[in-house]
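Student: According to TrEMBL, the protein carries these features:
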COMPBIAS  59-70  compositional bias 'Low complexity'
COMPBIAS  94-106  compositional bias 'Low complexity'
COMPBIAS  112-137  compositional bias 'Basic and acidic residues'
DOMAIN    14-69  domain 'DUF4124'
REGION    36-137  region 'Disordered'
REGION    154-176  region 'Disordered'
SIGNAL    1-24  signal peptide
Amino acid sequence: MSKTSLHMMLAAALALGALGAVQAQPQWQWLDASGRKVYSDRPPPPDVPQNRILKAPRDAAPAAPAASAEGGDGSPAQSSAGEDAELKARVDAQAKTQAEAQAREQAAQDEENAKIKQENERIAQENERIRRENAEKRKAQCAAAQATLKRLEPGRRVMTTDAKGNAGYMDDATREAQRQRAQAIVRESC
């Protein structure tokens, strides 16, 4: 026998042994007082009603006889009904709490949206004001450039002053350069 097959047989034997040990332990499942599922290898406490035990081992005896659960003296059935009412009240309270939390969250979201909308409106108004100012500046630049073009018409002599304040006449090259600048401003602004 090879070493590999010996290891495989040993692993298979261990797996089978583990499966047998797991199945040998009894498993209980029930709902505790807060409604959570509890899993254990031991039976639930005696105060857990029969209707809350979800799973019991096959060989386990029921915690309470069926006759008393149906109302022999009435107390187990009444306590079960009381627990059901308590559980329903707890679920209703939790639903109400969740609804209130959602309402608060929605109100906060609505308030945030209102602030964002107000800020967007303020920005839009500011942009409109800037657009109007720019339009007025373009209009003024256009009027000034048109006046300059009219002043620089060929055949007219244009008086200028130099840095020292001396008066003189503009030569044709300077006149043409200023005329081209004024025409460019007219094209952009008008």
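Including glycine, each Cβ sits where the backbone N, Cα and C put it.
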Student: In the compositional bias 'Basic and acidic residues' (112-137), how many residues does DSSP assign to helix, to strand and to coil?
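Tutor: Tallying H, G and I as helix, E and B as strand, the rest coil: 26 helix, 0 strand, 0 coil.
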Student: So what's the mean pLDDT when you look at the domain 'DUF4124' (14-69)?
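Tutor: Mean pLDDT, the domain 'DUF4124' (14-69): 75.
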Student: What are the DSSP helix, strand and coil residue counts for the region 'Disordered' (154-176)?
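Tutor: So the region 'Disordered' (154-176) is made up of 5 helix, 6 strand, 12 coil.
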